[in-house]
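Engineer: Copied straight from TrEMBL:
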DOMAIN    1-183  domain 'Major facilitator superfamily (MFS) profile'
TRANSMEM  24-44  transmembrane segment
TRANSMEM  65-85  transmembrane segment
TRANSMEM  91-110  transmembrane segment
TRANSMEM  130-149  transmembrane segment
TRANSMEM  155-177  transmembrane segment
DOMAIN    196-387  domain 'Major facilitator superfamily (MFS) profile'
TRANSMEM  198-219  transmembrane segment
TRANSMEM  239-260  transmembrane segment
TRANSMEM  267-285  transmembrane segment
TRANSMEM  291-317  transmembrane segment
TRANSMEM  329-347  transmembrane segment
TRANSMEM  353-373  transmembrane segment
């Protein structure tokens, strides 16, 4: 499911400007749409996660919401190029922005509910190890942006969007047929009121971690692109950024093993510290070779962080509120993406040290939220004791 989500966003970002300009809309509208979509996601992610918790308690499953969201998202995704290329350009000029926002909203229906199922797949292992599979497929899908963009664009929008829709539906079906049963009956969660209280501070820490991780990642991606395009002779941004995602995928499983040995929070903080180093060092990169070396460190460090994000969120909420906890992390990420979208243009023109500082501050924020969080409230799987 994570790979399907990442693939659809890769396709969407590659074709967004083309879809807008084909109906006579300015390409600058793309940035505004992404900001609006992320602002809406900031609200919708925890809302849908909480709704899935209610489904889980009342029906014993989250899958009605996941299935509905996946079907709506797949249909809305395929409708985008059809509306533009189907001979309705005049009408599409007015309805396309609404359709784009509507598709982004349908994506929020199922992401938090689906990702909150992670704990079920961790029976007999550790949550970061289970999450490493998500990081792996996300890295593979993410690498398609910088490394396979020309190939994807050569398919044309209808083929590319149809592929994304089919992959999502297949992923939802596979998730449904392979999902383990819930570890406890529906009523069991309700019979434990002492452990079911939701900590507002805990939710705020989850949100803050989402903001910091996402803003730090986005700042680093901008830094790499800017340095390679502006100060490295014959810089190759596609190769270097592709290396980040390939390394992310290759190191995901080993990073999950390391997180089990160190403890998830220690592993995340280690990864954040390495990312802060990359953010400080990237401005001094003299050539492609040095950039690739930093890209490898970037990908390996981010795998430690990415593996731990959902387990961290789940550790701060009762098991009956897994959807809400997961949604709060994605809400923080959406808030950061919206903020970044409004300042990205300025960061591209200001001295390199400023976006580097923004990235470091964001990573420190994430690390502070992780280290300052209380210990696990509920543990679907065992975790090393962290001092």
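For all residues, glycine too, the Cβ spot is worked out from N, Cα and C.
Any TrEMBL annotation is an automated prediction that lacks curation.
Looking at the shown structure, can you explain where the listed features end up?
Structural biologist: Beyond its flanks by at least six residues, the transmembrane segment (65-85) meets 8, 12, 15, 19, 22-23, 48, 51-52, 55, 91-92, 95-96, 99-100, 102-103, 106-111, 113-114, 157-158, 160-162, 164-166, 168-169, 171-172, 175-176 of its own chain at Cβ-Cβ distances under 8 Å.
Remote same-chain residues near the transmembrane segment (130-149) are listed as 2-4, 6-7, 10, 13-14, 115, 118-119, 121-122, 237-239, 241-242, 245-250, 252-253, 255-256, 299, 303, 306-311 (criterion: CB distance under 8 Å, separation of at least six residues from the stretch ends).
Away from its own ends, the transmembrane segment (155-177) comes close to residues 1, 3-5, 7-8, 11-12, 14-15, 18-19, 63, 66-67, 70-71, 73-75, 77-78, 80-82, 84-85, 110, 114, 117 of its chain (Cβ-Cβ under 8 Å, at least six residues beyond either end).
Across the residues of the domain 'Major facilitator superfamily (MFS) profile' (196-387), the predicted structure has a mean pLDDT of 89.
Nonlocal intrachain contacts for the transmembrane segment (239-260), taken as residues 6+ away from its ends with a CB within less than 8 angstroms of a stretch CB, comprise 126, 128-133, 135-140, 142-143, 145-147, 221, 224-225, 228, 267-268, 271, 288, 291-292, 295-296, 298-300, 302-304, 306-308, 384.
The list of residues near the transmembrane segment (267-285) in space but at least 6 beyond its ends in sequence, with Cβ under 8 angstroms from a Cβ of it, reads 128, 213, 216-217, 219-220, 223-224, 227-228, 231-232, 255, 258-259, 291, 294, 297-298, 300-305, 307-309, 312, 352-353, 356, 359-360, 363-364, 366-367, 370-371.
Same-chain residues lying 6+ beyond the ends of the transmembrane segment (291-317) with a Cβ under 8 Å from its Cβ atoms: 115-116, 118-119, 127-129, 131-132, 134-135, 138-139, 198-199, 202-203, 205-206, 209-210, 213, 217, 220, 224, 227-228, 232, 235, 239-241, 243-248, 250-252, 255-256, 258-259, 264-265, 267-268, 270-272, 274-275, 277-278, 281-282, 285, 324-326, 328-329, 366, 370, 373-380, 383.
Among residues of the same chain six or more beyond the transmembrane segment (329-347), those with a C-beta under 8 A of the stretch's C-beta atoms are 31, 34-35, 38-39, 41-43, 45-46, 49, 108, 111-112, 115, 206-215, 218-219, 222, 309-310, 312-313, 354-355, 358, 362.
Within the same chain, residues 202, 205-206, 208-209, 211-213, 215-216, 219-220, 222-223, 226, 265, 268-269, 272-273, 275-276, 279-280, 282-283, 305, 312, 315-316, 336, 347 sit at least 6 positions outside the transmembrane segment (353-373) and bring their C-beta atoms closer than 8 Å to a C-beta of that stretch.
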Engineer: Which sequence-distant residues neighbour the transmembrane segment (198-219)? Criterion: at least 6 residues beyond either end, Cβ under 8 Å.
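Structural biologist: Same-chain contacts beyond the flanks: 272, 275-276, 279, 302, 305, 309, 312-313, 316-318, 321, 324-325, 328-337, 339-340, 344, 347, 355-356, 358-360, 362-370, 372-374, 377.
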Engineer: Taking a Cβ cut-off under 8 Å, which residues six or more beyond the ends of the transmembrane segment (24-44) line up next to it in the same chain?
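Structural biologist: Contacts of the transmembrane segment (24-44) (Cβ under 8 Å, skipping residues fewer than 6 from its ends): 16-17, 89, 93, 96-97, 100-101, 104-105, 107-109, 330-332, 334-335, 337-338, 341-342, 344-345.
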